[in-house]
Structures are given as structure tokens and as C-alpha cells.
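S.K.: This is the feature table in TrEMBL:
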- 29-50: transmembrane segment (TRANSMEM)
- 31-458: domain 'Major facilitator superfamily (MFS) profile' (DOMAIN)
- 70-90: transmembrane segment (TRANSMEM)
- 102-124: transmembrane segment (TRANSMEM)
- 130-147: transmembrane segment (TRANSMEM)
- 159-180: transmembrane segment (TRANSMEM)
- 186-204: transmembrane segment (TRANSMEM)
- 269-290: transmembrane segment (TRANSMEM)
- 302-326: transmembrane segment (TRANSMEM)
- 333-354: transmembrane segment (TRANSMEM)
- 366-391: transmembrane segment (TRANSMEM)
- 403-423: transmembrane segment (TRANSMEM)
- 435-454: transmembrane segment (TRANSMEM)
Amino acid sequence: MKILMRADTHVSFSVPIDEPKAKCTYSQVLAALSVSLGSLVVGFASAYTSPALVSMTNTTLTSFVVTPQAASWVGGIMPLAGLAGGIAGGPFIEYLGRRNTILATAVPFIISWLLIACAVNVVMVLCGRFLAGFCVGIASLSLPVYLGETVQPEVRGTLGLLPTAFGNIGILLCFVAGTYMDWSMLAFLGGTLPVPFLILMFLIPETPRWYVSRGREERARKALVWLRGKEADVEPELKGLMRSQADADRQATQNTMLELLKRSNLKPLSISLGLMFFQQLSGINAVIFYTVQIFQDAGSTIDGNVCTIIVGVVNFMATFIATLLIDRAGRKILLYVSNVAMILTLFVLGGFFYCKSTGMDTSNVGWLPLSCFVVYILGFSLGFGPIPWLMMGEILPAKIRGSAASVATAFNWSCTFVVTKSFQDMIDFMGAHGAFWMFGAICFVGLFFVIIYVPETQGKTLEDIERKMMGRVRRMSSVANIKPLSFNM
């Protein structure tokens, strides 16, 4: 069966084996680097409230009063705006194009940071955070779609994780700078980050797949030549894209919602939504947003700000480890490792807080919270942090990729908002130990979700993945029917 499948995929893809890879790789690395600088801006924006709220709520450093309720909204409004951005981003990437949509977020990002930096009241801060969150929502769906459609399968995992790696650099930069700067200076720093991103985005092309979807064959050819190198024969890949688009057009309906609800499309969409659900319900944003507070509540012997920086460094390093491993080990193996690490650490962390709540002396294990956090962040960043976004750009069918990515991104930000805003309520209701145990139990369920439903996409072309997910391989040979259409690709 594999021989039959490969015979088909060779027709639709791509760069011949004997083509020189240097030029091709350089262009794709430049494209990945350009969009990843946008992810650095996203990471900085996501982490901003953790160090900034400390000085923002200090009446001696801020000319206006920030109440605890207002402070919670400064942190909570960004995921809410990200939800709105995720909904808007789907139509944007379909009609404006992937590159133009990413490019269009740069100037609003700068404006949002200037609004915060020059704020004279809480309303200006909230408006800046909302605008930043809206751009974050758009960027978080358009970046993986762009990379999924431009990078070759052999390096799609490695280069596809660059946005996550740069996002973690943004988080770490914010944590480190936040120990030396107040909220206003930190916002001014944030306003400088979109500038190199804006410049580099002008150097890269739109995705060939988007050009094909708009019937612009010559522009698609030029984009492929830029991405694959001038000496590469791009005609087989271009013909494969056109054939895939024609196949999708034949089966398409005019109604986008009906298209999403087709049984063949529901399968990949459901997998993407499931990955987003388990990513956020692992409690990661509650951990990131409340790191300092959690360490203070744990009575840790290490300064909370130092712990935050350590967590940021681990997050940064783990993503680079994942970048090295993902095209060698595959997606599912990293998701397994990620899940097991989070389950163990969340239950141990819950046990620590339970012992503390019962009055047991925990002073001799004051190092335990930081150790658990390090392993938890390491596990999350190896798998469930980057892979749901990477796979969103891989498994969603081309015809519904924009609208489906919009739904998945909006769902992700909805989960983020719920977890972030309700985390303190969870602690009040069930204690810190109960909250961590609940997140651990959800991760346990997520492990079985990955085992049963999530496909392995390592080294496969997008056309190959789509044919398998849509069930079209059944027509290739009766032998193909021997293997069930579960997601073990």
C-alpha cells in the first residue's frame, strides 16, 4: 500500500532529489525567520502583564490608580481580543493572502504599544492591550498557515517550530527586561520589536498555494522559484497544487459553514480543536500569567522574579530541543513525552500544595515547586506548546484552511480566556492543589486523545496528508482498504 501511495505523491511533489538544496533552504529559512519575528512580538505581548502589573499597580510609580479588578482585565482582555482576531483572521488570510495579513499586523502592533507606553489612564492601557490581542489572534493563525504552505515536508517540522521558538524568546526578553524596567518603558521596548518584522516581511513572497487558489498560476510559479531555488524544477509541484485545488473546487459548496460541517472536513477540524483544547486546559497560561504569585503562595525559598526568568529560559531552550527532534522523532512521540511530563509534574505540584494546605511543614522541599515548573514547562514546550499550531497548518484541508484555522484559533483563545480568568476562582473554590490536579487529569485524558486520534504528519506533503484525512486514498487500490482509516498515517 505504501508503494501505491508514494507513486501518487511523487506525481504531485516537488523538488527532485538531485537538486541543490542550499539555495532552496536559504530562501525558506529567510521566509521562516521573517514570520517568526512576528511571533517574537506575540510572545512579548503575551508575557507583558506578568512583570508590568507589578509596577503598574504601584501608586508611587503610576500616575493613575489600577484597581485589582482593572489589573485582572489588563491581563484578561488580550485573550478575549485574541478570540476576536482569530475569528477575523480566517477571512483575512483567504481574501488578502497569508503574507499580506501577517504584514498588516505590524503597524497596529506598534500603535498598541505606544498607547500603553503613553497611557494616562487605565482605559488607554486596555485599548492598547485589546489592539495587541486582536493582532496576536490574527498572527497566531496566519503564521502556521503561511509556513505550512511554503516549507518543504523534509524541514516543515523544524522551520515550522521557529515561530514558537521566537515566541519564547519574546517571553524571555519580556521577563528579563521587566525586572529592570517599569511598565511604560517595557511598552516602549515592545514598540520597537515590530520594526524589523515589518521590514523583512516585504522581502518574502505570498504562498504559492494562495496564488493557485486565486487562479494566478504565473505568480505561483515565481513564488515557488523563489522558495525552492532558481535551479529547481518547480513544475511538478505547481501541477500538484493546481490538481489539488481543482479537486477541492469540484467538491466545494458555496456556504463556508456547510463546507466546514462536511464529514470529511470535520475529522481534521475536530483533531485541531482537540489539540487546542488540551493545550490550553493543561493550565499553561494560568502557570505563565501567575508564576510569581504561585511561587509566593508556595513559600518558595527562591525569589519569584528569578523563578520567572528560569521558567522563561527553560521554555526557550525546550522549544529549540523540539526543533531539533520534530523531523527526526515525529510529532506523536513528542506529544507523548509532553503529556507524561505534564501529568507527573501537575500531580506532584498538587500534592505539594495539598500538604501545605493541611499545615504540613514543607520548608525542607522549598525547591520542589521550581523543579516541577521546570519539568512542566520543558514537557509543554517539547510537544503541546508548538505542535497544535504546527499541525493546524498541516492537517486542515486547503479549501477550508482559512475558515477552519479561524475556528481553531478562536477556540484556542476562548480556552485561554476561560483558564486565565477563572484560575484564581479555581484556587478559591478547590485550592491550588485541586486546580493542579484538575489540569493533570485533563492532560491524562489528552494522552489517550493523542494515541487514538492524532495523525503522524512527519515528512508528508500537504497533499498526501489531505488525501489521507479526506479518505481519498480508498480509491487508489482495494489493498488500501485493509488499513483502517484511523489516523495512523
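Here, residue 1 is simply the first one shown, and the rest follow in order.
Note: Cβ is positioned from N, Cα and C throughout, glycine not excepted.
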S.K.: Mean pLDDT, the domain 'Major facilitator superfamily (MFS) profile' (31-458)?
M.R.: 85
S.K.: Do the transmembrane segment (435-454) and the transmembrane segment (333-354) come close, with at least three CB pairs under 8 A (pairs 6 or more apart in sequence)?
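M.R.: Checked: the transmembrane segment (435-454) vs the transmembrane segment (333-354), in contact.
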S.K.: For the transmembrane segment (29-50), which recorded stretch in the set 70-90, 159-180, 186-204, 333-354, 403-423 gives the largest number of Cβ pairs separated by under 8 Å?
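M.R.: So the stretch in question is 159-180.
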S.K.: Which residues, given as numbers and ranges, are at least 6 beyond the ends of the transmembrane segment (159-180) yet have a Cβ under 8 Å from it?
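M.R.: Cβ under 8 Å, 6 or more out: 28-29, 32-33, 35-48, 50-52, 54, 143-144, 147-148, 151, 186, 189-190, 193, 288, 305, 308-309, 311-313, 315-316, 319-320, 322-323, 326, 381, 385-386, 389-390, 393.
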S.K.: Same chain, outside the transmembrane segment (333-354) by at least 6, Cβ under 8 Å from its Cβ: which residues?
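M.R.: Hits for the transmembrane segment (333-354): 282-283, 297-298, 322, 325-326, 362, 365, 368-369, 372-373, 375-376, 378-380, 382-385, 387, 431-437, 439-440, 443-444, 446-447, 450-451, 454.
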S.K.: Among 70-90, 130-147, 186-204, 269-290, 403-423, which stretch has the highest count of C-beta pairs below 8 Å with the transmembrane segment (102-124)?
M.R.: 186-204
S.K.: Which range wins on Cβ pairs under 8 Å with the transmembrane segment (269-290): 70-90, 302-326, 403-423?
M.R.: 403-423
S.K.: For the transmembrane segment (403-423), which recorded stretch in the set 70-90, 130-147, 186-204 gives the largest number of Cβ pairs separated by under 8 Å?
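M.R.: The stretch I would name here is 70-90.
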